[in-house]
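Chemist: My questions will all concern the structure given below.
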């Protein structure tokens, strides 16, 4: 009988079989529970599914009205038609479709007339992307099984699948860009990173990725190919939407950051939400520019802090720390956007376990997996501050991760 290393491993280590079974059980439970969220028409009328906004954009594209994609009344009219109801949010507002026309076009490839089928196609694509990203980061079947099980306990995982967000694909894009950069292919990394334009808030990753390049040649290659990709995508979006794409889209993004467009800034998991919460506690009028100023300042501080330490941590730890900070430093961070915290779970918690720093590993794992669920109790500010504090604590104590070395 021919030798089979997998079979022999299971024979010698029976516990491996249980690890292989874990994700099957966990994901089976997920798919068993998801059907109750699979149809926007059966959602709680007062809290319609986020998937509704993607179906809205897709339907507008399909019916040839893409020039009205960012028109308030057009979106509201289509959402009422698609949901078959008039949810409370849609009486005076809308669940705004805020992503570029290319994203709407991609969703239009779904059978949008059948919301259930469309939902499950997006769930499948997200699932494949998430597991692929995990495998690329972990590098082994056993670790992939462990992390694929762990991700089912992430609030962001559930919000990604339930809301039909493209965050699984965005996670994979980030991991592919990092993998290309790690393998000394900065041009490829720049091209891949450009496709984060599917959800522009994720482009905040770019200046931090500059810090992972090893020299000026890599930096210019990465930046050059990234800019070419962005210009190409702006051209594609202009071709789809019309010549006024940029003039329409940028003001729309700014103006749609309010409750009339389905955005509750105080319920974001980021520093902007913390600032709004502080203003609310102080009883002062909400100011947009103060939170933006604080976020910009902390982004600059974070870039400088990572730049200062860049020579003493590995690219993996640098990327993990960047992804730990990234959602908190953004201006628009939904629960689903915290799916990127799967990256530090693998790269940083995995290292802590390898280095037998069990307490730190457990604390960080709890913070990444359990703490975000407190967002459902309107404690996003607490989640943000704890993760932010832990991020800078790790950045200031890189010795905990070990294997420090100066890069050439």
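Every residue, even glycine, has its Cβ placed from backbone N, Cα and C.
Below are the features listed in TrEMBL for this protein:
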TRANSMEM  15-34  transmembrane segment
TRANSMEM  118-138  transmembrane segment
TRANSMEM  150-181  transmembrane segment
TRANSMEM  187-212  transmembrane segment
TRANSMEM  219-241  transmembrane segment
TRANSMEM  288-306  transmembrane segment
TRANSMEM  311-329  transmembrane segment
TRANSMEM  335-353  transmembrane segment
TRANSMEM  358-375  transmembrane segment
TRANSMEM  381-398  transmembrane segment
Chemist: Using Cβ atoms only, state whether the transmembrane segment (150-181) and the transmembrane segment (15-34) have three or more pairs under 8 Å that are 6 or more apart in sequence.
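Modeler: Taking Cβ pairs at least 6 residues apart, the transmembrane segment (15-34) and the transmembrane segment (150-181) are in contact, with 3 or more under 8 Å.
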Chemist: With Cβ-Cβ distances below 8 Å as the criterion, list the same-chain residues six or more beyond the ends of the transmembrane segment (335-353) that contact it, or say none.
Modeler: 50, 130, 133-134, 137-138, 143, 147, 150-151, 154-157, 159-160, 163, 165, 167-168, 170-171, 174-175, 201, 269, 316-317, 319-321, 323-324, 326-327, 360-361, 364-365, 368-369, 372, 375, 387, 394, 400-403
Chemist: What stretch, picked from 15-34, 288-306, 381-398, has the most CB pairs under 8 A with the transmembrane segment (118-138)?
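Modeler: When the Cβ pairs under 8 Å are tallied, 15-34 comes out ahead.
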Chemist: Is the transmembrane segment (311-329) packed against any residues at least 6 beyond its ends, judged by a Cβ distance under 8 Å, and which are they?
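Modeler: Residues 174, 178, 181-182, 204-205, 208-209, 211-212, 269-271, 295, 298-299, 302, 337-338, 340-341, 343-344, 346-348, 351, 384, 387-388, 390-391, 394-395, 398, 401, 403-407 contact the transmembrane segment (311-329) from elsewhere in the chain.
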